[in-house]
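Structure first, commentary second.
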Amino acid sequence: MAPSSPEVSRIRNFCIIAHIDHGKSTLADRLLEMTHTLDRTQMDSAQVLDDMDLERERGITIKSHAVQMKYCSVAGDDYTLNLIDTPGHVDFSYEVSRSLAACEGALLVVDATQGVEAQTIANLYLAIEAGLEIIPVINKIDLPSSDVEGVARQIIDLIGIEREEILQVSAKAGLGVAELMEAIIARVPAPADNRKQPLRALIFDSVFDPYRGAVVYLRIVDGVLRRGEKVRFFANDKIFLADEIGTMALKRQPKEVLEAGDVGYLICSIKDVKDAKVGDTVTHAEVPAEKRLAGYKDVKPMVFSGLYPVNSNEFEDLRESLEKLSLNDASLVYTPETSVALGFGFRCGFLGLLHMEIIQERLEREYDMNIITTVPNVEYRVIMTNGETVIVDNPSKMPDTTRIAHVEEPYVSMQIITLADYIGNIMKLGMERRGEYRNTDYLDTQRVNMHFEFPLAEIVFDFHDRLKSISKGYASMDYEYIGYRESDLVKLDVLLNAEPVDALSIIVHRSKAYDWGRKLCGKLKGIIPKQMYEVAIQAAIGSRIISRETISAMRKNVLAKCYGGDISRKRKLLEKQKEGKKRMKQVGRVEVPQEAFLAILNIDE
């Protein structure tokens, strides 16, 4: 490796790792302000980098962002700092790993009032694997409830560093930020000077611009990229012309050349963000690099759900909205499907539950769509008796039980960090959700890190909410996918008057099927409105009915006009009413309200 040139030696690429609400975006604002990338008057909003309304409201970062800052150190040297803001949530862990690969250092931000959380640890391990220099930062030190020394001990136990290496700041008040800037200069290594080698650049994000096409954010690892050169993408072997390249302050700043160590953007008339995959390598078309950068993988959706417009005339609008969303979100997968109960809609694949919620909320907010969402489920592998494997992401596609040899479901390894007082509650929740307990590590006298393995299907419903409520908000979780395992799973159908409602079908473990069936029938009885005829709600596994509830008919008192009189006259009127109800039952269809589909989501309440 050649020694760093003066220019490259003055570049620092770093990111910020933090749990939700630990003050990452506020700290980024202070750094932007201190380097005069922005002054206070331009900061019309807190959290400048979180530019989606949803990002601000939920206090999370959904997309990766990059911003370049110029900084003059105390010694009088000018430096270029590239801050890559990463998502912190478990659903986006692949995006995080690619953003980390574009850096040499990471600020580990921990809230002085909360301590180390599960997602902090998960992303910290990703950073250590990527070989980054870690600078621990305790934030919110000015709050009365802060426990700086206690949190410092947790960090020392976690990464084994000296107490004096841990910085203390208050991002909101701006305390300690100047010392943090100097620490970034002193401790984060400069990029390697690989300008003489063939071009290799790592894509860590892409956004869609309606006028320019996909804008690719990349870190130049080796070589030099000039405007007007032809570039090739490794993943799909497509060649594009680099129309515009440059660096990112808060707005794009065009440049003629990007060199090894630089973080910038590339616009080359890419019509679809799916061509610019996160983690892919860009090289020259004429003299390409031999090998791509390590770590690229295709992101596969983990959670599937059906999205249907409430008004079936809006199907095309929903298609357009999903198309526009997928321009900016390459991990959203969708295919059209039809349901007897709900009409035309789409089967969508998401990275996880948060990703699913965000897509739904953006459809409702940004595109004014009214949608019904079916129960989220995972992708099962069904091994048939003839040896072939069928992938099932929708319960209605489950093959006939007589042809199934066995079913496999995805499992995840999960770590839960909580106070020691709540171990019992969490163990109980783990057993309820078919979890396999592995071990517990004590982070300090109060906090523990518990390790479980769960079927993914058991945590996609409301696991996070339940975890928060039984631990009074103190527990945090993080999980990673570990593979498929064989399970005794069955398809539970719901029938209304002997007609199956496909959108209410679910795949559950046999041990839970009876309980689910009973709860679901009871829940639906309270939601489906009364009809003029009796409605039977049944839960069935195959042809076996395991639970039933009956909604009694609304009936008119046909005897009201008979004052006393002959019993045979009354009987005649009652028989006539009975015949009418019978005919109604044959031709009538029970309307299933939207609440019925949501009932499955909160069945335990």
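Just so it is clear, glycine is given a Cβ too, placed from its N, Cα and C backbone atoms.
Computed from a predicted structure; not experimentally measured.
Taken verbatim from Swiss-Prot:
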- 9-192: domain 'tr-type G' (DOMAIN)
- D21, H22, G23, K24, S25, T26, N139, K140, I141, D142: GTP binding site (BINDING)
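Neighbour counts of Cβ atoms within 10 Å were compared for the binding-site residues D21, G23, S25, N139, I141, and the top value is held by N139. When secondary structure is read from DSSP and collapsed to three states, S25 (GTP binding site) falls in the helix class. Predicted-model confidence for the domain 'tr-type G' (9-192) is 77, expressed as mean pLDDT. In the three-state DSSP scheme, I141 (GTP binding site) falls into the coil class. Taking every pair among D21, H22, G23, K24, S25, T26, N139, K140, I141, D142, the residues listed as contacting GTP, the largest Cα to Cα separation comes to 17 Å.
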